[in-house]
Structure formats: C-alpha cells, structure tokens
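Per TrEMBL, the feature ATP binding site maps to 7, 8, 9, 10, 11, 12, 13, 14, 119. TrEMBL lists 86, 93, 94, 95, 96, 173 with the feature substrate binding site. Feature annotation from TrEMBL assigns active site, proton acceptor to 95. If you look up TrEMBL, you'll see 116 marked as K(+) binding site.
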Ligand SMILES: Nc1ncnc2c1ncn2[C@@H]1O[C@H](COP(=O)(O)OP(=O)(O)OP(=O)(O)O)[C@@H](O)[C@H]1O
Ligand SMILES: CC(C)(CO)[C@@H](O)C(=O)NCCC(=O)O
Ligand SMILES: [K+]
C-alpha cells in the first residue's frame, strides 16, 4: 500500500510517495500537473492520498484523487489527541497543522518547535502535554528581497544564490541588502529558538522548507546547535501519518 501526499505551498508543490513510513519518492514542482499525478498513481500503485494546500484552488486535482485513490480529507478535524487552542481553527494553515501532526508522531510527549523557512517563515510549538497554542508567521527570505525592491525607489531586487552559505558584509548596496535580509532572518530565527531553548533545553527543534539548509548552516555553532534537526519532509510526513491514522480509525 503506497500513499501519495501533496503539500501545495505558495511557491512550490511538494509531492511524495510513502511505503508505510518510508519515503520512496519525492519531487518539488512549480506547477502541479494532473497528468504527472496520474502517472505517479499508476507507477507506484497508489492506494491512498492526502493533500494540504495554502489555497482553495485545486478542486479538480482533489476530485481526481477522490476518484482514483482512497482520499483522506486533511483538516484540523484530524487531531490524534492533540489539543488545538488556536483561536481560528478554520484559518490555520493546513501545512502548519501537518507539521504539528508529524512532530507528535516523531517525538511523542516531547516539546517540539517547528520552523518552516519557505515562502513565509513559520514557527509552531507543540508542547509535551500535546497542546498546540499556535506560533508565529513571518516573511520568507525571497519575500524580504522582493519587498525591499518593491517599496523603495532606489533598492534593486538582489539575486541571492542560496548555495553560497557565507553572508557578505554590507560593503555596498547589493551586499547591504544581502546582509540585512540574510543576517536579519538568521537573528530572527536564532531569537525564536533561543527563547524556546531557554525555557527547556530538551526541546526538539525541527527546521524544514526550501531555505532550511541555509539556516542549518548558519545556526549549527549555536549552543542549541546539537538539538537542531533538519526535517525536509515534515509537512509530507504529517499528511502520511494522517492517512495511516484515518485507516486505523476506519478499521476500529
Ligand atoms: N522560483 C523561485 N524563485 C525564487 N526563489 C525561490 C523559488 N523557489 C523557491 N525559492 C526559494 O525557496 C524559498 C521557498 O522554498 P520552498 O521550496 O519551501 O517553497 P514553498 O513551497 O513556497 O514553501 P511553502 O510551502 O512555505 O509555500 C523562497 O524563500 C526562496 O528563497
Ligand atoms: C502561513 C502559511 C502561508 C505558511 O505556508 C500558511 O500556513 C497559511 O496560509 N496559513 C494561514 C494562516 C494561519 O496559519 O493562521
Ligand atoms: K494572501
């Protein structure tokens, strides 16, 4: 039995196939193509599927999955014993909830702090009592570069090569922007983590999203560095756990 899970983000869609808990296929695409999904369903003999999306589009894709697989409607209704104290449950991003579900399964009974560095940077805490109180939503790196160029007369849109891990000193306009955006984001993430770590140095700190490798590199020498876990597939793992959970519920 193979599970197909899709994390539709604001920049990219992440697609994965799981065989039980093992991820056997992953791809990230800018545009979701239904024919590619049909191909994956056929090639991997997909039995079940689930989707998390940051928008209400993709109704066509979801109908297609409902017809061709056993589809799990992923929502905050799937709780697995977690108490959700978020005031606006209906507007909570499903990608955020999927990370909460994944953390709950990966490290049950432990404090888990999830950081997603994608289009936005999000911070979410699931505490050891299995309570979720929400977290923080902040600007992603690309958005910061775009905003500086968009809202000013004289600042260019700077190109950042995320493979270059060193942050330059702000010695000219280009580098001052690179330094402000990159070092600023590192200080921001560092501050959020340090705050959690000061409360509890056993907290599991998971970093996911497209810019996670950059952050991991920048933060590795911090006092909490040994507690950082790079979890590239956290949203996808949460969706996979939701499928497994729903199957279990249906059987019992
Ligand atoms: N097409 C692109 N152009 C520029 N930057 C990109 C592009 N795709 C990804 N990035 C970089 O990756 C980050 C987003 O990575 P990720 O793959 O996690 O995207 P995402 O799918 O938008 O995340 P999310 O699920 O939060 O929407 C951006 O901040 C940017 O640095
Ligand atoms: C914050 C993002 C954009 C991160 O992908 C997404 O989770 C979202 O659209 N959330 C909705 C608002 C909320 O989570 O309360
Ligand atoms: K919006």
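The backbone N, Cα and C atoms fix where each Cβ goes, and this holds for glycine too.
TrEMBL annotations: computationally assigned, not manually curated.
It should be emphasised that the depicted structure is a prediction, and the values quoted were computed from it without experimental measurement.
Shown here: features listed in TrEMBL, placed on the structure.
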residue	record	Cβ contacts under 8 Å, 6 or more apart
7	ATP binding site	13, 14, 15, 51, 52, 95, 98, 235, 236, 239
11	ATP binding site	30, 118, 119, 142, 210
93	substrate binding site	54, 122
94	substrate binding site	52, 53, 54, 74, 75, 76
96	substrate binding site	116, 122, 124, 135
173	substrate binding site	155, 156
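Taken residue by residue with DSSP, residue 86 (substrate binding site) is part of neither helix nor strand, so it is coil. A gap of 21 Å separates the Cα atoms of residue 86 (substrate binding site) and residue 9 (ATP binding site).
Reduced to three states, the DSSP call for residue 9 (ATP binding site) is coil. Within 10 Å of the C-beta atom of residue 95 (substrate binding site) sit 28 other C-beta atoms, taking all shown protein chains into account.
Listed in chain order, the extra residues whose Cβ falls within 8 Å of the Cβ center of the ATP site residues 7, 8, 9, 10, 11, 12, 13, 14, 119 are 28, 54, 95, 118. DSSP gives the residue listed as 'K(+) binding site' a strand state. Among the binding-site residues listed (13, 86, 93, 95, 96), 93, 95, 96 have a CB atom closer than 6 Å to some atom of ligand 2, in sequence order. Listed in sequence order, 54, 95, 118, 119 are the same-chain residues at least 6 apart in sequence whose CB falls under 8 Å from the CB of residue 9 (ATP binding site).
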